[in-house]
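Colleague: Take a look at the following structure, please.
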Amino acid sequence: MAAILLPQRFRGEAPVTEKTTPSWASKRLTPIAQFLSRLACSHPIHTVVVVAVLASTSYVGLLQESLFNTDVESATLGKADWSTLVEGSRVLRAGPETAWNWKAVEQDVVADAGSDADHLALLTLVFPDSLSAESSSTAPRSHHVPIPQNLSITSLPSTENPFTAYSQDSILAYALPYSEGPEFLAAAQEIPNEDAVEIETKHGREKKTWIMKAAKVNTRNSVVQWVSNAWSEFLDLLKNAETLDIVIMLLGYIAMHLTFVSLFLSMRKMGSKFWLGICTLFSSVFAFLFGLVVTTKLGVPISVILLSEGLPFLVVTIGFEKNIVLTRAVMSHAIEHRRIQAQNSKSGKRSPERSTQNMIQYAVQAAIKEKGFEIIRDYAIEIVILVIGAASGVQGGLQQFCFLAAWTLFFDFILLFTFYTAILSIKLEINRIKRHVDMRMALEDDGVSRRVAENVAKGDDELNRVRGDAPLFGRKSSSIPKFKVLMILGFIFVNIVNICSIPFRNPSSMSTIRTWASSLGGVIAPLSVDPFKVASNGLDAILATAKSNNRPTLVTVLTPIKYELEYPSIHYALGSAASNPAYNDAFHHHFQGYGVGGRMVGGILKSLEDPVLSKWIVIALALSVALNGYLFNVARWGIKDPNVPEHNIDRNELARAQQFNDTGSATLPLGEYVPPTPMRTQPSTPAITDDEAEGLHMTKARPANLPNRSNEELEKLLSEKRVREMTDEEVISLSMRGKIPGYALEKTLGDFTRAVKIRRSIIARNKATTDITHSLDRSKLPYENYNWERVFGACCENVIGYMPLPVGVAGPLVIDGQSYFIPMATTEGVLVASASRGCKAINSGGGAITVLTADGMTRGPCVAFETLERAGAAKLWLDSEAGQDMMKKAFNSTSRFARLQSMKTALAGTNLYIRFKTTTGDAMGMNMISKGVEHALSVMANDGGFDDMQIISVSGNYCTDKKAAALNWIDGRGKGVVAEAIIPGEVVRSVLKSDVDSLVELNVAKNLIGSAMAGSVGGFNAHAANIVAAIFLATGQDPAQVVESANCITIMKNLNGALQISVSMPSLEVGTLGGGTILEPQGAMLDILGVRGSHPTNPGDNARRLARIIGAAVLAGELSLCSALAAGHLVRAHMQHNRSAAPSRSTTPAPPMTPVSLAMTSAQERSASTTSMSAAAIQRSKR
């Protein structure tokens, strides 16, 4: 119970528990967070803009009103006056009551001290860099300091600190009555320098003197000067700080930066390399600004020193765990929503909860429902602890810092569920556009036309989008840069407006704020000094004098006074030039003639003189440049692999699925009634081409019963691009007369289905083939109710219909711990049933294990040279490191996905064959790699010094594509996969109706020896091509590549009484993007395997997963067929499943003969029949 009160970051990883009923507090608080996030997600851009405007106004207000006041009153702070020095002083008392030891007392005790104690002021004058050997100046001696005759001043021994050796400062210390301090300070603002040389300046002849730094006039606050002052103040802090404090602060800042690094690493794991981490920091900074504004408005004093000391520990303690937890939950639910939406779209079902919410809304709401209460609870616990600290009464800045931190956490809570959830919404929408663009570009790289690629990508968007889910930016990649440019310009505009409005704000209205600012405890007030570090030797001398006089003494140790060696005419003044009325009059008079615009320009120029304002503007411009650079490089993201199973395999579910797909079961087991699945609405047909957008309002075709127009009228309509108004017969007439090319019917008509119908009639009436094609237009080859839009320009030309092919599913098959149904398109009976039997046996042994051994598509061009010498030089260059680098660079520049792995060269006379091997993402990649090869060869000829090279063919059969070749068997092509399963002996006997030894012997005799006798290349298997071809047809792969993809060797072993079977396929050529996979039926089959399209995080993973699935399916097919051969069931199974009658016995009288079959007797039967063997055979068997 106590652990629940700790914030999540201190509780570690919570154990996985079952879902519990939400508590009362969760039911009350979670809806509040969901309401805030719902508003932010509904209007993310508005939310980001409003928060950015408020944050910009807040920090500009803080800069003007608190930190960098330029009016007369604030100009006096930090100047050479006594009151400013006293603010950072410390008072010590020594006397008999303190046993003559120094004891710190409060300022209010000084007034009550009375006349029984001497009150002294101890001043320390610091002359920087005067001890350095390279310095041309030396510090003044104590008697050179101008001291009025009426003052009683005592010189004291100076005190060095640990940093004196680094800073090379000279120090003078003085003690004088406290009442005489202001007069001495006024007299010591300028100290002569005896070593200075008098020179001529524009103010006359003068020489450098030591000028009190606090009395110096800054005529121009340059950035360099600001940095120099900041460094000097930092060194002063180090001089007055304890060593332990320095170490603690250093560790605190290191830990804070490690927290930042941890934030970016965590966001990187969730797919955001930079921007989610930056937005998290922005959210926290905005919360800090809002908290600082509220804290200062309530009159709580906050100093810069306090912030610098406390912020690192606040960042380390609170961290960014809440943002990380929320981000992880949102991204995970977004992927879950996409997967479930895809499943519902395929089945026609719709989740009632998700039907009214788009993906972004659902992901955010589900994440807050899951993690919202934990986040709110952590915020509440942390705020309560800080409130206790603010009310504790502990001095030293703890109260003020806790007060500020509590308000910061409160605003961080508000911004987490508003600003940050809006950022997450925008991120999810950018990811959607990225998926759309990546899929389109991958299809274009694979040779698909832009129109078809855009339609396929758009279809994928629609699959994952519910009705009414409008895109935030649109579907164009250019929408993202436009949005970001507008956001950046808007943010810069707000800052410019805020800065420009500063000169127009009424100074008198700030008087109350000035009064409040003076009570701020000194946002710019000096830090209290450590008296013993500043003047320990001087205190010892004063204490010795007090003891000798036996008189109590009060000593006020003032802040060290720093000097600079400068010309008096430039740096010494009675007042600040910024506060000088003459200066202001001259400044405003210069712009007075320009009216309001002049005052605005003057205000801007004056504001830009402030080093911090100019620094913020430079940072804003740098961020703008960085953001614009990011517009064209949105990082990929990913939370979890969709191919990873979400739960362990349920044996009962697996058994029921196997029984449903088992051919031995004639009926289904009775159970609960399941309503029929409604059909998903198909895309409307006809579809319209992109260049015929006006076809959405197509004119109806002319009724067929009207008389045909004349040829002149038809040709006029054709020239006016009004072909769609013609009847089918008129279009046929024009086409048969050669006026409309057959390939252009779809584009001309703007109606794909009508174009296919007319083409059928044209082919049926073609005189050259009419004798055999006359029935085509009335044939049973279907052509209607098909989405021809995806076929046109991508898959097939001169379309006359589509060929329905039966598709069955084998399985389920457990592959690498996940169950799959294997889709197979085939007309061969028993094939699916046989594969299902193999799946059942493999599942009984724990499933199949697969290993991916290679991934690289190849293309082997042929180039020729005039002489063998040149051909050999080209081969040596290609094999060298320089040649490899140049060719890789050229090849990789042609695609975002194709990456050249290696090149293998072979020389045949003067012909040089180069085998390029590359990865191609999730596409099979033949077109992608061909484009890369062309460009690489061009670079080789032009830049590699082989301009005499002649390209014979981009494909020189050295690939080798769609042909049996030993090269593919040895070096591989596409994906290399090895699948293995171990089948218990009992399963072999009960399911496969055979035994382990018989299967092993059959495999050796048939698949190994038999294939070797036939001189096979890669054909050491029973029927791998059967399974590969069926899956290829079902999933939209290239059927011609079955030739090399079916290369397989099947190996079986007896492993401790169990059957160990494996298949090795070194040249499996598959893809999940492009080609036939863009067709909806084939895409649906990839959907049931979970590998459709490109992988969201790792391009190529889907294609590799499909290769593993095919390898495991081939394993099941090999196991089942070999078992049927070993048991003699092959012919009987074909006869049963093909519904063919068994052959009758011949009526010819003949002795009964053993039928010729493929059955094999078992080893035991063969050993039992040795009595019938000849003596020679028996003798050979004993050897």
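The backbone N, Cα and C atoms fix where each Cβ goes, and this holds for glycine too.
As the structure is a computational prediction, the values presented were derived from the model and not from experiment.
Here Swiss-Prot flags Glu828, Lys962, Asp1038 as active site, charge relay system. If you look up Swiss-Prot, you'll see 1139-1148, 1167-1177 marked as compositional bias 'Low complexity'. The region 'Disordered' annotation in Swiss-Prot covers 1136-1183. Here Swiss-Prot flags 1-245, 295-299, 504-1183 as topological domain 'Cytoplasmic'. Marked as topological domain 'Lumenal' by Swiss-Prot on the basis of similarity to another entry: 267-273, 321-378, 424-482. The feature transmembrane segment is assigned by Swiss-Prot to 246-266, 274-294, 300-320, 379-399, 403-423, 483-503, with sequence analysis given as support.
For the listed features, I'd like the structural context: burial, neighbours, distances.
Modeller: Contacts of Glu828 (active site, charge relay system) defined by a Cβ separation under 8 A and a same-chain sequence distance of 6+ are given as Asn1026, Ala1030, in order along the sequence.
Same-chain residues at least 6 positions away in sequence with a Cβ under 8 Å from that of Lys962 (active site, charge relay system) are, in sequence order, Ala1040, Gln1041, Val1043, Glu1044.
Secondary structure at Asp1038 (active site, charge relay system), as computed by DSSP, is coil. In sequence order, Met924, Met926, Phe1032, Glu1069, Gly1075, Gly1076 are the residues near Asp1038 (active site, charge relay system), counting only same-chain partners six or more apart with C-beta under 8 A.
Each residue in the topological domain 'Lumenal' (321-378) has a pLDDT score, and their mean in this model is 71.
Listed by sequence, the residues of this chain that lie at least six past the ends of the transmembrane segment (246-266) yet keep a Cβ under 8 A from its Cβ atoms are 238, 274, 277, 280-281, 309, 311-313, 315-316, 319-320, 323-324.
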Colleague: Please indicate, using numbers and ranges, the residues of the same chain that are 6 or more beyond the transmembrane segment (403-423) and have a C-beta under 8 Å from a C-beta there.
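Modeller: Tertiary neighbours of the transmembrane segment (403-423) are 33, 36-37, 39-41, 43-45, 47-48, 51, 276, 279-280, 283-284, 286-288, 290-292, 294-295, 300, 302, 307, 310, 314, 318, 322-323, 326, 330, 364, 368, 372, 375-376, 379, 382-383, 386-387, 390.
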Colleague: Sort the residues of the topological domain 'Cytoplasmic' (295-299) into helix, strand and coil with DSSP and give the three counts.
Modeller: 3 helix, 0 strand, 2 coil
Colleague: Let me spell it out: take the transmembrane segment (274-294), skip the flanking residues so only those 6+ beyond its ends count, and list any with a Cβ under 8 Å from a Cβ in it.
Modeller: 51, 54-55, 58-59, 61-62, 260, 263-264, 267-268, 302, 320, 323, 327, 404-412, 414-416, 419-420, 423-424, 427, 630, 635
Colleague: How do the residues of the topological domain 'Lumenal' (267-273) split into helix, strand and coil according to DSSP?
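Modeller: The composition, in the requested order, is 3 helix, 0 strand, 4 coil.
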